[in-house]
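For reference, Swiss-Prot has these:
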type: DOMAIN; residues: 1-254; note: domain 'Deacetylase sirtuin-type'
type: BINDING; residues: ALA28, THR32, PHE39, ARG40, GLN105, ILE107, ASP108, HIS123, THR197, SER198, ASN222; note: NAD(+) binding site
type: BINDING; residues: PHE39, ILE107, ASP108; note: nicotinamide binding site
type: ACT_SITE; residues: HIS123; note: active site, proton acceptor
type: BINDING; residues: CYS131, CYS134, CYS156, CYS159; note: Zn(2+) binding site
Amino acid sequence: MDISYHEKISKTYELIKKSTYSVAFTGAGISTESGIPDFRSPNGLWQRFRIVTYQEFIIDRKARNEFWKMKRELIQEIINAKPNNAHNALAELEKRGLLKYVITQNIDGLHQMAGNKSVIELHGNQRGYICLDCEKVYPLEEVLKMLKEQELDLRCEVCGGIIKPTIVFFGEPMPEKELLMAQQIANKCDIMFVIGTSLQVEPAASIPRIAYQNGAKLIFINKVQTEWDWIAEIIFYDSAGKVLKDILDVIKSEKF
């Protein structure tokens, strides 16, 4: 028999009280409440745009045009987005010493904006851009200017090389340092909140499994089911902002 929502909140609070090393693993679903679309939902990015792989981006000008067209449409949504209740709750948990790390697949920077200091970005971020030839770094502001003034194939002003955002494309290796750190944290944690992710993108999706295999209690917060729900100790099929705020409210009321 399923336990009630309030019983789940209470059980989560009891787990947090006993925890010495809790972490959060987040995906696109945590940021939808901030107005940033996710990938796989009926209104997600892959319903609106084709996936451009890393190999396509490198060799195919038409694919780069498609990517930058998508980026030009979406970048303002990301820039205008503000942290929501879920981001703010995770930042408050860290501030109280109840959360060691946030491991995120997101590129929006909202965890840092909310106040989290210990954030591992598995898929990079949208703040930086780099020439693939001479490695000149371009800030976001300069890229925005280029997108307004140039055709949709951004080139380095120094050497003419292809400019690429510092995000991880499909088919591109994940940054080794960040992946190794995430794996080490997953090995050590005793609680992992798994929030807003379908757990379909490898190797990032392996992180919660590593935590589970090493004895951690997993708390899933998703609006939909995933194929890995069976490894969770507690599952909330609800808004991340609502659930995390309610958990935080209990912590505050208990003065923990």
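The backbone N, Cα and C atoms fix where each Cβ goes, glycine too.
Working note on the binding-site residues ILE107, CYS134, CYS156, CYS159: by count of other C-beta atoms within 10 Å of each C-beta, ILE107 ranks first. Spatially, by CA atoms, the recorded positions HIS123, CYS134, CYS156, CYS159 include one closest to THR197 (NAD(+) binding site), and that is HIS123. Highest Cβ count within 10 Å among the binding-site residues ALA28, CYS131: ALA28. Separating the Cα atoms of ALA28 (NAD(+) binding site) and ILE107 (nicotinamide binding site) is a whole-number distance of 9 Å.
Each residue in the domain 'Deacetylase sirtuin-type' (1-254) has a pLDDT score, and their mean in this model is 92. Other residues of the chain with a Cβ within 8 Å of the Cβ centroid of CYS131, CYS134, CYS156, CYS159, the Zn(2+) site, are LEU132, ASP133, GLU135, LYS136, GLU157, VAL158, GLY160, GLY161, ILE163.
For ASN222 (NAD(+) binding site), the nearest neighbour among the recorded positions HIS123, CYS134, CYS156, judged by Cα separation, is HIS123. Ranking the binding-site residues GLN105, THR197, ASN222 by C-beta neighbours within 10 Å puts THR197 at the top. If you take the CA of GLN105 (NAD(+) binding site) and look 10 A around it, the recorded positions you hit from HIS123, CYS131, CYS134, CYS156, CYS159 are HIS123. Taking Cβ-Cβ distances under 8 Å and a sequence gap of 6 or more within the same chain, the neighbours of HIS123 (active site, proton acceptor) are THR104, GLN105, ASN106, ILE107, ILE167, VAL168, MET174, ALA204. Taking only the Cα positions, the spacing between ASP108 (NAD(+) binding site) and CYS131 (Zn(2+) binding site) is 21 angstrom.
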